[in-house]
Amino acid sequence: MKQFTSVHDVQDVAALVNEALQLKQTPLAHKALGQDKTLGLIFMNPSLRTRLSTQKAGMNLGMNVMVMNLDKEGWALETQDGVVMNGTTVEHIREAAAVMGQYCDIIGIRSFPKLQDREEDYSEDLLNKFIKLAGVPVVSLESATRHPLQSLADLVTIKEQAAAGKRPKVVLTWAPHVKAIPHCVANSFAEWMQQADVDLVITNPEGYDLADKFTKGSQVLHNQDEALKGADFVYVKNWSSYEEYGKVLTDGEGWMMTNEKLALTNNAKVMHCLPVRRGLELSQEILDGPNSLVIEQANNRTYAAQAVLKRMLERIA
Ligand code: SN0
(Lines of atoms letter the chains of each structure in order from A and count residues from 1; the text may use other names and numbers.)
(Lines give C-alpha, C1' and ligand atoms only; values in the text may rest on other atoms or scores of the structure.)
Protein backbone atom coordinates (compact mmCIF):
# COMPACT_ATOMS: atom_id res chain seq x y z
CA MET A 1 0.00 0.00 0.00
CA LYS A 2 1.58 3.25 -1.21
CA GLN A 3 -0.85 5.61 0.52
CA PHE A 4 -3.89 5.28 2.77
CA THR A 5 -6.29 8.16 2.29
CA SER A 6 -9.60 6.39 1.60
CA VAL A 7 -11.21 2.98 1.06
CA HIS A 8 -10.19 3.33 -2.59
CA ASP A 9 -6.55 2.75 -1.60
CA VAL A 10 -7.46 -0.74 -0.36
CA GLN A 11 -7.51 -3.62 -2.83
CA ASP A 12 -9.34 -6.12 -0.62
CA VAL A 13 -11.28 -4.51 2.24
CA ALA A 14 -12.37 -7.80 3.83
CA ALA A 15 -8.77 -9.06 3.87
CA LEU A 16 -7.56 -5.87 5.60
CA VAL A 17 -10.30 -6.21 8.25
CA ASN A 18 -9.29 -9.84 8.85
CA GLU A 19 -5.66 -8.79 9.09
CA ALA A 20 -6.57 -6.25 11.81
CA LEU A 21 -8.53 -8.90 13.74
CA GLN A 22 -5.56 -11.27 13.44
CA LEU A 23 -3.17 -8.56 14.71
CA LYS A 24 -5.49 -8.05 17.68
CA GLN A 25 -4.80 -11.66 18.69
CA THR A 26 -1.02 -11.41 18.24
CA PRO A 27 -0.06 -7.71 18.24
CA LEU A 28 3.68 -8.32 18.63
CA ALA A 29 4.04 -11.08 16.01
CA HIS A 30 5.63 -8.75 13.42
CA LYS A 31 7.98 -6.73 15.62
CA ALA A 32 10.92 -7.34 13.30
CA LEU A 33 9.12 -5.83 10.30
CA GLY A 34 9.38 -2.21 11.48
CA GLN A 35 12.81 -2.43 13.08
CA ASP A 36 14.94 0.63 12.22
CA LYS A 37 12.01 2.19 10.35
CA THR A 38 10.67 5.58 11.42
CA LEU A 39 7.04 6.63 11.57
CA GLY A 40 6.36 10.38 11.75
CA LEU A 41 2.95 11.54 12.94
CA ILE A 42 2.13 15.16 12.11
CA PHE A 43 -0.89 16.88 13.68
CA MET A 44 -2.38 20.19 12.61
CA ASN A 45 -5.35 19.63 14.99
CA PRO A 46 -5.97 18.00 18.38
CA SER A 47 -6.05 14.20 18.74
CA LEU A 48 -6.28 11.58 21.47
CA ARG A 49 -7.16 8.21 19.91
CA THR A 50 -5.57 8.71 16.50
CA ARG A 51 -2.33 9.90 18.03
CA LEU A 52 -1.99 7.22 20.71
CA SER A 53 -3.37 4.26 18.73
CA THR A 54 -1.23 4.97 15.67
CA GLN A 55 1.82 5.47 17.86
CA LYS A 56 1.03 2.18 19.63
CA ALA A 57 0.50 0.45 16.26
CA GLY A 58 3.92 1.62 15.09
CA MET A 59 5.56 0.45 18.33
CA ASN A 60 3.83 -2.95 18.11
CA LEU A 61 5.48 -3.32 14.69
CA GLY A 62 8.87 -2.39 16.13
CA MET A 63 9.00 1.09 14.55
CA ASN A 64 10.50 4.23 16.01
CA VAL A 65 7.75 6.83 16.26
CA MET A 66 8.10 10.62 16.21
CA VAL A 67 5.09 12.83 16.88
CA MET A 68 4.85 16.54 16.15
CA ASN A 69 1.96 18.90 16.83
CA LEU A 70 2.87 21.07 13.90
CA ASP A 71 0.12 23.61 14.54
CA LYS A 72 1.58 24.41 17.96
CA GLU A 73 5.25 23.45 17.72
CA GLY A 74 6.08 24.10 14.06
CA TRP A 75 6.48 27.17 11.90
CA ALA A 76 3.29 28.62 10.45
CA LEU A 77 2.82 26.66 7.23
CA GLU A 78 2.12 28.12 3.78
CA THR A 79 0.30 25.80 1.38
CA GLN A 80 -0.47 28.14 -1.54
CA ASP A 81 1.89 28.05 -4.47
CA GLY A 82 3.39 31.18 -5.95
CA VAL A 83 2.77 33.52 -3.02
CA VAL A 84 5.29 36.03 -1.69
CA MET A 85 5.69 34.98 1.93
CA ASN A 86 5.89 38.42 3.47
CA GLY A 87 3.03 37.81 5.93
CA THR A 88 2.51 35.46 8.87
CA THR A 89 3.40 32.11 7.25
CA VAL A 90 7.04 31.16 7.76
CA GLU A 91 7.65 27.86 5.97
CA HIS A 92 6.22 26.46 2.73
CA ILE A 93 4.77 22.96 2.55
CA ARG A 94 7.17 22.35 -0.38
CA GLU A 95 10.14 22.40 1.97
CA ALA A 96 8.38 21.15 5.12
CA ALA A 97 6.94 17.98 3.56
CA ALA A 98 10.12 17.20 1.61
CA VAL A 99 12.24 17.58 4.76
CA MET A 100 9.97 15.36 6.85
CA GLY A 101 10.18 12.78 4.09
CA GLN A 102 13.97 12.70 4.68
CA TYR A 103 13.52 11.74 8.32
CA CYS A 104 10.63 9.26 8.05
CA ASP A 105 9.88 6.02 6.20
CA ILE A 106 6.12 6.50 6.62
CA ILE A 107 4.30 9.73 7.52
CA GLY A 108 0.84 10.18 8.99
CA ILE A 109 -0.82 13.57 8.77
CA ARG A 110 -3.96 15.10 10.28
CA SER A 111 -5.47 18.25 8.87
CA PHE A 112 -9.14 19.14 9.43
CA PRO A 113 -11.22 21.11 6.91
CA LYS A 114 -11.59 24.84 7.49
CA LEU A 115 -15.37 24.50 6.79
CA GLN A 116 -15.41 27.85 4.99
CA ASP A 117 -14.95 27.04 1.31
CA ARG A 118 -16.47 23.77 0.12
CA GLU A 119 -14.45 23.53 -3.11
CA GLU A 120 -11.23 24.13 -1.22
CA ASP A 121 -11.92 21.51 1.47
CA TYR A 122 -13.24 18.92 -0.98
CA SER A 123 -10.19 19.36 -3.25
CA GLU A 124 -8.04 17.84 -0.43
CA ASP A 125 -5.33 20.27 -1.46
CA LEU A 126 -3.11 19.95 1.62
CA LEU A 127 -3.18 16.14 1.76
CA ASN A 128 -2.55 15.80 -1.97
CA LYS A 129 0.34 18.28 -1.89
CA PHE A 130 1.81 16.53 1.12
CA ILE A 131 1.67 13.12 -0.61
CA LYS A 132 3.33 14.56 -3.71
CA LEU A 133 6.08 16.37 -1.82
CA ALA A 134 6.91 13.96 1.03
CA GLY A 135 8.13 11.18 -1.28
CA VAL A 136 7.30 8.41 1.26
CA PRO A 137 4.06 6.49 1.96
CA VAL A 138 1.47 8.73 3.64
CA VAL A 139 -1.37 7.71 5.97
CA SER A 140 -4.29 10.07 6.48
CA LEU A 141 -4.95 10.64 10.17
CA GLU A 142 -8.15 12.53 9.14
CA SER A 143 -8.07 14.91 6.22
CA ALA A 144 -10.52 17.56 5.03
CA THR A 145 -13.18 15.08 3.88
CA ARG A 146 -12.32 11.63 5.27
CA HIS A 147 -11.14 9.69 8.33
CA PRO A 148 -10.19 6.29 6.88
CA LEU A 149 -8.36 4.81 9.91
CA GLN A 150 -11.49 5.47 11.97
CA SER A 151 -13.72 3.80 9.39
CA LEU A 152 -11.47 0.76 9.14
CA ALA A 153 -11.62 0.40 12.94
CA ASP A 154 -15.41 0.83 12.75
CA LEU A 155 -15.70 -1.96 10.21
CA VAL A 156 -13.40 -4.19 12.29
CA THR A 157 -15.68 -3.54 15.30
CA ILE A 158 -18.84 -4.37 13.34
CA LYS A 159 -17.28 -7.56 11.94
CA GLU A 160 -16.19 -8.56 15.43
CA GLN A 161 -19.56 -7.87 17.07
CA ALA A 162 -22.05 -8.89 14.35
CA ALA A 163 -24.24 -11.96 14.86
CA ALA A 164 -23.02 -14.87 12.74
CA GLY A 165 -24.79 -15.49 9.45
CA LYS A 166 -26.80 -12.27 9.36
CA ARG A 167 -26.14 -9.25 7.16
CA PRO A 168 -26.41 -6.47 9.75
CA LYS A 169 -28.50 -3.34 9.34
CA VAL A 170 -26.24 -0.38 10.14
CA VAL A 171 -27.75 3.06 10.73
CA LEU A 172 -25.62 6.20 10.59
CA THR A 173 -27.56 8.84 12.51
CA TRP A 174 -26.87 12.55 12.73
CA ALA A 175 -26.76 13.88 16.31
CA PRO A 176 -27.05 17.38 17.79
CA HIS A 177 -23.96 19.50 18.48
CA VAL A 178 -23.19 23.07 19.46
CA LYS A 179 -20.55 23.81 16.85
CA ALA A 180 -19.69 23.19 13.22
CA ILE A 181 -18.14 19.73 12.90
CA PRO A 182 -16.40 18.18 9.83
CA HIS A 183 -18.11 15.64 7.53
CA CYS A 184 -15.04 13.39 7.53
CA VAL A 185 -16.16 10.63 9.90
CA ALA A 186 -19.62 10.37 8.34
CA ASN A 187 -18.34 10.54 4.73
CA SER A 188 -15.75 7.86 5.37
CA PHE A 189 -18.14 5.64 7.33
CA ALA A 190 -20.62 5.68 4.42
CA GLU A 191 -17.87 4.97 1.92
CA TRP A 192 -16.52 1.99 3.88
CA MET A 193 -19.92 0.51 4.73
CA GLN A 194 -20.78 0.49 1.04
CA GLN A 195 -17.78 -1.81 0.51
CA ALA A 196 -18.83 -4.11 3.37
CA ASP A 197 -21.33 -6.89 3.87
CA VAL A 198 -23.91 -4.65 5.61
CA ASP A 199 -27.09 -2.72 4.77
CA LEU A 200 -26.46 0.98 5.44
CA VAL A 201 -29.22 3.51 6.15
CA ILE A 202 -28.32 7.16 6.82
CA THR A 203 -30.63 9.46 8.74
CA ASN A 204 -30.28 13.21 9.22
CA PRO A 205 -32.49 16.31 9.38
CA GLU A 206 -33.28 18.12 6.14
CA GLY A 207 -30.43 20.39 5.11
CA TYR A 208 -27.84 17.92 6.43
CA ASP A 209 -27.60 15.48 3.49
CA LEU A 210 -23.97 14.53 2.93
CA ALA A 211 -22.33 14.84 -0.50
CA ASP A 212 -23.83 12.40 -3.07
CA LYS A 213 -20.33 11.21 -3.83
CA PHE A 214 -20.23 9.56 -0.41
CA THR A 215 -23.85 8.46 0.10
CA LYS A 216 -24.87 7.35 -3.38
CA GLY A 217 -26.47 3.92 -3.34
CA SER A 218 -27.43 4.18 0.34
CA GLN A 219 -30.88 5.04 1.66
CA VAL A 220 -31.09 8.52 3.25
CA LEU A 221 -34.12 9.11 5.50
CA HIS A 222 -35.11 12.33 7.24
CA ASN A 223 -37.25 10.40 9.74
CA GLN A 224 -34.91 9.04 12.40
CA ASP A 225 -37.46 6.70 14.05
CA GLU A 226 -38.20 5.04 10.73
CA ALA A 227 -34.49 4.62 9.99
CA LEU A 228 -33.75 3.07 13.38
CA LYS A 229 -36.31 0.28 13.03
CA GLY A 230 -34.61 -3.12 13.28
CA ALA A 231 -31.07 -1.65 13.35
CA ASP A 232 -28.29 -3.96 14.56
CA PHE A 233 -25.73 -1.14 14.84
CA VAL A 234 -26.36 2.57 15.33
CA TYR A 235 -23.46 4.91 14.55
CA VAL A 236 -23.99 8.29 16.16
CA LYS A 237 -22.25 11.37 14.72
CA ASN A 238 -22.80 15.05 14.24
CA TRP A 239 -21.80 16.89 11.09
CA SER A 240 -22.38 20.43 9.83
CA SER A 241 -24.38 21.14 6.69
CA TYR A 242 -22.89 20.26 3.29
CA GLU A 243 -25.52 22.21 1.34
CA GLU A 244 -25.11 25.41 3.39
CA TYR A 245 -21.49 24.60 3.76
CA GLY A 246 -20.13 24.38 7.30
CA LYS A 247 -23.27 25.86 8.87
CA VAL A 248 -25.19 24.68 11.96
CA LEU A 249 -28.85 24.86 10.86
CA THR A 250 -30.71 23.50 13.90
CA ASP A 251 -30.22 22.70 17.58
CA GLY A 252 -31.35 19.19 16.60
CA GLU A 253 -33.82 18.78 19.42
CA GLY A 254 -35.13 15.21 19.55
CA TRP A 255 -32.19 13.73 17.59
CA MET A 256 -30.06 12.65 20.58
CA MET A 257 -29.77 8.85 20.79
CA THR A 258 -31.53 7.63 23.96
CA ASN A 259 -32.77 4.35 25.44
CA GLU A 260 -36.25 5.24 24.17
CA LYS A 261 -34.93 5.33 20.61
CA LEU A 262 -32.88 2.20 21.21
CA ALA A 263 -36.17 0.38 21.84
CA LEU A 264 -36.98 0.86 18.13
CA THR A 265 -33.90 -1.13 17.12
CA ASN A 266 -32.91 -4.79 17.25
CA ASN A 267 -31.22 -4.11 20.62
CA ALA A 268 -28.59 -2.31 18.57
CA LYS A 269 -24.98 -1.83 19.55
CA VAL A 270 -24.18 1.88 19.65
CA MET A 271 -21.00 3.35 18.19
CA HIS A 272 -19.33 6.77 18.20
CA CYS A 273 -15.82 7.70 17.07
CA LEU A 274 -15.22 9.89 20.18
CA PRO A 275 -14.78 12.50 21.52
CA VAL A 276 -18.48 12.51 22.38
CA ARG A 277 -20.50 15.32 23.95
CA ARG A 278 -22.39 13.45 26.71
CA GLY A 279 -26.04 14.34 27.06
CA LEU A 280 -25.98 16.20 23.73
CA GLU A 281 -24.97 13.72 21.01
CA LEU A 282 -25.54 10.58 23.04
CA SER A 283 -27.32 10.00 26.36
CA GLN A 284 -25.28 9.15 29.45
CA GLU A 285 -27.45 6.03 29.94
CA ILE A 286 -26.40 4.60 26.57
CA LEU A 287 -22.73 5.49 27.00
CA ASP A 288 -22.67 3.85 30.44
CA GLY A 289 -24.95 0.97 29.44
CA PRO A 290 -24.47 -2.49 27.93
CA ASN A 291 -25.16 -1.49 24.30
CA SER A 292 -22.25 0.95 23.98
CA LEU A 293 -19.26 -0.20 21.91
CA VAL A 294 -17.31 3.06 22.09
CA ILE A 295 -14.39 1.78 24.20
CA GLU A 296 -13.86 -1.42 22.18
CA GLN A 297 -14.22 0.64 19.00
CA ALA A 298 -11.42 2.93 20.25
CA ASN A 299 -9.35 -0.15 21.19
CA ASN A 300 -9.67 -1.41 17.61
CA ARG A 301 -8.09 1.79 16.31
CA THR A 302 -4.69 0.29 17.21
CA TYR A 303 -5.19 -2.84 15.12
CA ALA A 304 -6.69 -0.95 12.19
CA ALA A 305 -3.63 1.33 12.13
CA GLN A 306 -1.35 -1.66 12.58
CA ALA A 307 -2.88 -3.50 9.59
CA VAL A 308 -2.32 -0.44 7.39
CA LEU A 309 1.25 0.21 8.60
CA LYS A 310 2.08 -3.48 8.16
CA ARG A 311 0.98 -3.37 4.50
CA MET A 312 3.13 -0.28 3.94
CA LEU A 313 6.16 -1.78 5.69
CA GLU A 314 5.88 -4.95 3.61
CA ARG A 315 6.04 -2.78 0.50
CA ILE A 316 9.12 -0.81 1.52
CA ALA A 317 10.95 -3.67 3.31
C1 SN0 B 1 -13.64 15.66 15.00
C2 SN0 B 1 -14.60 15.30 13.87
O3 SN0 B 1 -14.18 15.23 12.71
O4 SN0 B 1 -15.77 15.06 14.14
C5 SN0 B 1 -12.68 14.53 15.27
C6 SN0 B 1 -13.31 13.20 15.46
C7 SN0 B 1 -12.35 12.07 15.40
N8 SN0 B 1 -14.39 15.94 16.20
C9 SN0 B 1 -14.51 17.17 16.68
O10 SN0 B 1 -14.01 18.11 16.11
C11 SN0 B 1 -15.28 17.33 17.98
C12 SN0 B 1 -15.08 18.68 18.58
C13 SN0 B 1 -16.03 19.02 19.70
O14 SN0 B 1 -15.95 20.17 20.13
O15 SN0 B 1 -16.85 18.20 20.15
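Every residue, even glycine, has its Cβ placed from backbone N, Cα and C.
Of the residues His177, His222, TrEMBL places His177 in the same N(2)-succinyl-L-ornithine site as Glu142, Lys237, Arg277. Sequence-distant neighbours of Ser47 (carbamoyl phosphate binding site) (same chain, 6+ residues apart, CB-CB distance under 8 A): Arg110, Leu141, Glu142.
Among the binding-site residues listed here, namely His177, Lys237, Arg277, Lys237 has its C-alpha nearest to that of Leu149 (carbamoyl phosphate binding site). Neighbour density at the Cβ, taken as the number of other Cβ atoms within 10 Å, is lowest among the binding-site residues Arg49, His147, Lys237, Arg277, Arg301 for Arg277.
Each of the binding-site residues Trp75, Glu142 was assessed for Cβ neighbours inside 10 Å, and the highest tally belongs to Glu142. Residue counts of the domain 'Aspartate/ornithine carbamoyltransferase Asp/Orn-binding' (185-310) by helix, strand and coil are 43 helix, 20 strand, 63 coil (DSSP-based).
When the binding-site residues Arg49, His147, Cys273, Arg301 are ranked by how far their Cα is from the Cα of His177 (N(2)-succinyl-L-ornithine binding site), Cys273 comes first. In this structure, Cys273 are the binding-site residues from Ser47, Cys273, Arg301 whose C-beta falls under 6 Å of some atom of ligand 1.
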